[in-house]
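Asks: The Zn(2+) binding site annotation in Swiss-Prot covers 85, 88, 157 and rests on sequence analysis.
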């Protein structure tokens, strides 16, 4: 699926008219085109399924891990992303993502983890789904069932409208495999996360 920038331009022009403004006035003439171009960039992830993203970033390194390394956690944290809430199209911002996995013969390059988080966030999203999508893609790429994703962020639908509570943070956690059932692993994960 590709993003239809011409349709976006047309509809943004209609929104400007519906708001009671003149889309042909100076300052707004190029706005529909600028918004369409911005949407093409910030919603780039909508062009790809989770399978597509997994294929994009599937370069891994095969490692012969010893049994003593079975509980070694790889954690990449403080990955900054932004997204847009699918309910109000408002910005989800000041978002940080932490992705952890226990390697199972395949190691992924650390920058690929950040790229996966970035691509998944470039969709109309829910914070909970961002975590689920990242975990699903990580499982496909690394073949590890043991994945954890922690996300913190602010939501424009809470800070700029409705209840208007700036600074309210939403935290979500997606746990798969042993992270879901092994309290000692979760304790180890949280110690790494807070370090």
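Glycine too: its Cβ is placed from the backbone N, Cα and C atoms.
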Asks: Other residues near the Zn(2+) site, CB within 8 A of the CB centroid of 85, 88, 157?
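Replies: Surrounding the site, in chain order, are 84, 86, 87, 89, 90, 92, 155, 156, 158, 161.
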Asks: Long-range same-chain neighbours of residue 88 (Zn(2+) binding site), Cβ under 8 Å, sequence gap at least 6?
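Replies: Same-chain residues close to residue 88 (Zn(2+) binding site) (Cβ under 8 Å, separated by 6 or more) are 156, 157, 161.
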Asks: For residue 85 (Zn(2+) binding site), list the number of other Cβ atoms lying within 10 Å of its Cβ atom.
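Replies: So the number of other Cβ atoms within 10 Å of residue 85 (Zn(2+) binding site) is 17.
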Asks: Should residue 85 (Zn(2+) binding site) be counted as helix, strand, or coil on the basis of DSSP?
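Replies: The residue in question, residue 85 (Zn(2+) binding site), is strand (DSSP, three-state).
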Asks: Three states by DSSP: which one describes residue 157 (Zn(2+) binding site)?
Replies: helix
